[in-house]
Amino acid sequence: MRAVDLLDDTLPLSQLSEGAFWDRASGTLLWVDILGQRIHTYDLGQRQHVSLATPSSVSFAFPYGENRVIAGLQDGLYQMERSGESRAEPVALLDLPHEHRLNDGQCDPRGRLWVGTICTADDPSATAALYRLENGRLQEVEGGYVNANGKGWSPDGKIMYHADTSRSTIWQYDYDLPTGGLSGKRVFVSLDNASPDGLCVDSQGRVFAALYGGSAVAVFSPRGEMIDRIELPVPNVTSCTFGGDDHRTLFITTAYDGLDPQQRNEFPFSGQIFTTEMDVPGQLNDGLKLV
């Protein structure tokens, strides 16, 4: 079994941590607590943790400039100061149906942002969608989802992966990197007894998928064969990203949301951030580029 460690056992537990992103310019890890309404940053060299409150649920955050972030809040993209000293300023908003919110956001190799939404109703409908940021607006690309979740790209930028959590499926598309166009949708993997959440792709094209309810990060070859399974001591694994000095550290977020008191006692590290070292580095990604 591959060794996994806590990033820092003094970090607060997150109810629903998501959106792990490594900012290599500053050597910091960013993640969010969606339901706790917090953006977290952790400076790996200084071992310093800072958190920023948000005015609504927050699904992801990317560095923007020296002291700001672009965050995916309940109804769209907002710009915020990392100090929290100013109000969130709208960048691109969506007119979402009732009981919907933004979900996972990831950037392609050119910094183009893709965002999913989720229907949070008790009896959810397939009314969520996948969006692309284009000319300052979030444009719907594909509908029919309950939970449009993690995204990633092959090293050559010609394949996009997208986790459809409610269907326990990761889709694969042909991707036109210059335009952001999708075509040729097909099943990459379908899973039993766990749901794919956030995902990332390493420099050899292997897909790392966080398994919500599956206590692991599953690793798939570019052909969709499971070739490794990184076990974690918690049930709900939510996202993963590569980072660190050599980009070989896999950072993994988890959640305690949905666990009853007995389960919280059984899995006390639920909501913590874990790390494990990989032999192959991840891809370099500098995040969001607003154009």
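The backbone N, Cα and C atoms fix where each Cβ goes, and this holds for glycine too.
Among the candidates ASP95, ASP192, ASP197, ASP202, the one that TrEMBL lists alongside GLU18, ASN149 as binding divalent metal cation is ASP197. For ARG101 (substrate binding site), the spatially nearest entry among the recorded positions GLU18, ASN149, ASP197 is ASN149, judged by CA separation. The CA atom of ASN103 (substrate binding site) is located 9 Å away from the CA atom of GLU18 (divalent metal cation binding site). Distance between Cα atoms for ASN149 (divalent metal cation binding site) and ASP197 (active site, proton donor/acceptor): 6 Å, as a whole number. It is ASN149 that, of the binding-site residues ASN103, ASN149, has its Cβ surrounded by the most other Cβ atoms within 10 Å.
Other than GLU18, ASN149, ASP197, the residues of this chain whose Cβ falls within 8 Å of the Cβ centroid of the divalent metal cation site are, in sequence order, ASN103, ASP104, GLY150, ALA163, THR165, GLY198, ALA210, TYR212, THR238, SER239.
Distance noted between the C-alpha atoms of GLU18 (divalent metal cation binding site) and ASP197 (active site, proton donor/acceptor) is 9 Å.
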